[in-house]
Amino acid sequence: MANAEVFTAGGPPNSDITAAVLKAFTSACQAPAPSQVLIPKGDFKLGETVMTGPCKSPIEFTLQGNVKADGGSTQGKDRWVVFEKINGFKLNGGGTFDGEGNAAWKANNCHKTFECKKLPISVRFDFVDNAEIKDITSLDAKNFHFNVISGKNMTFDNIKIIAPAESPNTDGIHLGRCEGVKILNTKIATGDDCISVGDGMKNLLIEKVVCGPGHGISVGSLGRYGWEQDVTDINVKNCTLEGTDNGLRIKTWPSAACTTTAAGIHFEDIILNKVSNPILIDQEYCPWNQCNKNVFTAGGPPNSDITAAVLKAFTSACQAPAPSQVLIPKGDFKLGETVMTGPCKSPIEFTLQGNVKADGGSTQGKDRWVVFEKINGFKLNGGGTFDGEGNAAWKANNCHKTFECKKLPISVRFDFVDNAEIKDITSLDAKNFHFNVISGKNMTFDNIKIIAPAESPNTDGIHLGRCEGVKILNTKIATGDDCISVGDGMKNLLIEKVVCGPGHGISVGSLGRYGWEQDVTDINVKNCTLEGTDNGLRIKTWPSAACTTTAAGIHFEDIILNKVSNPILIDQEYCPWNQCNKNKPSTIKLVDITFRNIRGTSGNKDAVKLLCSKGHPCENVEIGDINIEYTGPDGPPTFECTNVTPKLVGTQNPKACVGPVVKAPGKDIDSSSGSDITQALLKAFTSACQSPSPSKVVIPEGEFKLGEIEMRGPCKAPVEITLQGTVKADGNAIQGKEKWVVFGNINGFKLNGGGAFDGEGNAAWRVNNCHKTFNCKKLPISIRFDFVENAEIKDISSIDAKNFHINVLGAKNMTMSNIKITAPEDSPNTDGIHLGRSDGVKILNSFISTGDDCISVGDGTNNLHVEKVTCGPGHGISVGSLGRYGKEQDVSGIRVVNCTLQETDNGLRIKTWPSAACSTTASDIHFEDIIVKNVTNPILIDQEYCPWNQCNKKKASTIKLVNISFKNVRGTSGNKDAVKLLCSKGYPCQNVEIGDIDIKYSGADGPATFQCSNVSPKLLGAQSPEACSSPLTKLPGQ
């Protein structure tokens, strides 16, 4: 950081500089501009030093000298040097952290036992983001050399790590719960893993690392603790291992305390030299036998009551400090009410090899038989059976007929059980539900068998509520009620390869019966078979619901049906035995529902029945490739729709929405070509908006005049406007008006039809000076979408807008597809699509040719996806301008992919104002797979954007640009400035990544240039022109 304020922390040779380092860091952390902490050359002592942010600006910590820890064992302390909660950090300088570990290693026994006193890790990075660690050595650490937890976008480059081969637990670099870490060009020689990858790691790159001696490069160990998270996208390549005890290793614990997944792990281009176990997947990793289970057997004579024995065995296992097993051996046993409660000190495996039988009496009033509760790290397996002996009890069960009833016991309850695997277990003849799962996390049910007669009441196979991350796999359920029923509060449920029948099918719900219910989201049912069930795939909610919740993201796919009654059913009037008031529509909102590739035979003619709520019509229901046959005498099969207009994909059999349907009423505009349809359109929209069921407004083919019009909701049901003709605005300038066509405050909206909005802008452009001055009279935007949610804009053209063609403000979940925008290249301020304060917008397969930005992204925009857009002429695709106004909001999650820009004045641009009126952040902006054809300024970050000198360039922009990437951009430039990254003096760009740029320029003033100011981009692949080939501008604060 040239010209940055430098805080030096030094002293006489061998002096203790702990206080000086802390003081320097604190000063740097509080500085308003990027600053540097400098430890000069020399040998110094350093005690425990914890440097904590957040900091006001980026910090560079330059270690030129050597700092030494206390040589004592310091058992019980787990840290020496800590950097934590810092965003924007560099550690460099060529110096050394000397852990002085020789004496401490002798006292280290943590690799032999759970119970041990910790030794200090040399350098810890806790919650450090956007960091570069470079040219640093770690010597003789007492414990891990480097420990990295919960970091994002960190690069380790040219690191040297040195410790003897016999030094215990001295992992070189240990990482956990991080994302986007790179370890490059590094040499590690130590006594444990050179690099160890812990739980929760995502997107790790290890490249050009030399490892040895040591234990190699390891993913894991995984599974030792109950709270671990998934590992994904680990890439190790171009590395060399020399004389290591292991090579490339993945290691997990048996009797694991959790059930997680490690996926996308790739080792490539590795050289080995005398490496033991070069390639090793070890899922029985158990160092020093720390995972041997204690086995507590609970058995007895045949048909004896083992209730007390089971409780005693479970209590012993739960109190054991190491993972333990409860074993019920083969044989038939009686079992009374048994409640097994944690928390437990270690994971428990409950192995049921025999058959346990409940009391055959009705036992009305009791609601449980076997309960597992408050356990983290649990397995239930063994191939045995829970026999509920339900035959006598079913006769007394009337809970399915009335609210007022005496409960019968659920066979097996899992209450607050996390990180569990239930496998190879049978439930027979439950009196009530077979399995009830409440408030569990990360549970897997695999190869479960559930059996009860078709007439057994209320015997749901597996009922779930308020759980997250449950999987039900490879399971066979034949019972008297729902095979699987999904209650309120469920999140992230996967049901796959389940065979269901007889029974009532697979149901989401019933929902809305009780007042305290929670939302349901992300339910996936796929590759299942239903045979002879009373219902198939069902979503059921109560009318006159006691709550207002949402069930969203529910997907049924690849389902086989065999004589299933009501194969596909949304029933928002579910009211068994008339226990409710059907006159009040259900207040449960159903959103983002799909039925795809459902095939087979129906047991009745109602093949598909979508009975949605009058009060909250279903939103975004998609039906794809349905083929359901019915051969009964009252056939053929029907597909009924009420209060829903499903999206249809592929083929549908039966034909969609042709049964008893509440059809979307059409509101056609009946006017002669050339007439003014303003009042007719407004009247038609108002009628559609007030309709209780989804409605459509049709503007037929022809040319019509259209004056200023505002179509605003909220509406009672979704509205579709089909524009088949062309509507034309008044051709006069009409300065001072800022709108022509407005759609506002509508939830559930479609605009389509292949027609055009013609803004008749030619006369108006001559008087437009808003691009030259703040003080100007506005011209009307052609089409405005104000606070429109869950919308699809498709097959529409905008011609010759006077101002912006399309303006999107405050939108959520909007897709624009096959939009065509045309205006002359000299038409001022005619941005194609301008967006602001919107979330979840997609712009796809569109063509934009205009006089300003093809797409401009304003403040407050989040999660924008732009794909397959052709732009040109125009000013390219721009994020910004940002910072012009005082109350702007952050921008985040912008992706522009597979686009083509041709003959545009700019290409891919981020622009912010100097002397900005606000301080906001624009982050996670990514341009990828872009073709440029004779584009001026193909790649441009411009933080001195000041059109017509309307600002003060002497004041640096206060807009922060973070996590920006340009990848695979190729083609030709219209000027020599192929890449220009002009970042702010006050807030240099952070984590800018340039990958595989190939832009040619053949002009007389060539070749093409790549300029950088106040930024040091990360480079991937090849760059043409050469990256930062013009001199890097060093400005204050760097």
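Just so it is clear, glycine is given a Cβ too, placed from its N, Cα and C backbone atoms.
All annotation found in TrEMBL is predicted automatically rather than curated by experts.
The active site annotation in TrEMBL covers HIS215, HIS504, HIS875.
Recorded features from TrEMBL, shown on the structure.
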{"residue": "HIS215", "record": "active site", "Cβ neighbours (10 Å)": "26"}
{"residue": "HIS504", "record": "active site", "Cβ neighbours (10 Å)": "26"}
{"residue": "HIS875", "record": "active site", "Cβ neighbours (10 Å)": "26"}
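With respect to their backbone Cα atoms, HIS875 (active site) and HIS504 (active site) stand 59 Å from each other.
Annotated pair HIS504 (active site) and HIS215 (active site), C-alpha to C-alpha distance, rounded: 55 Å.
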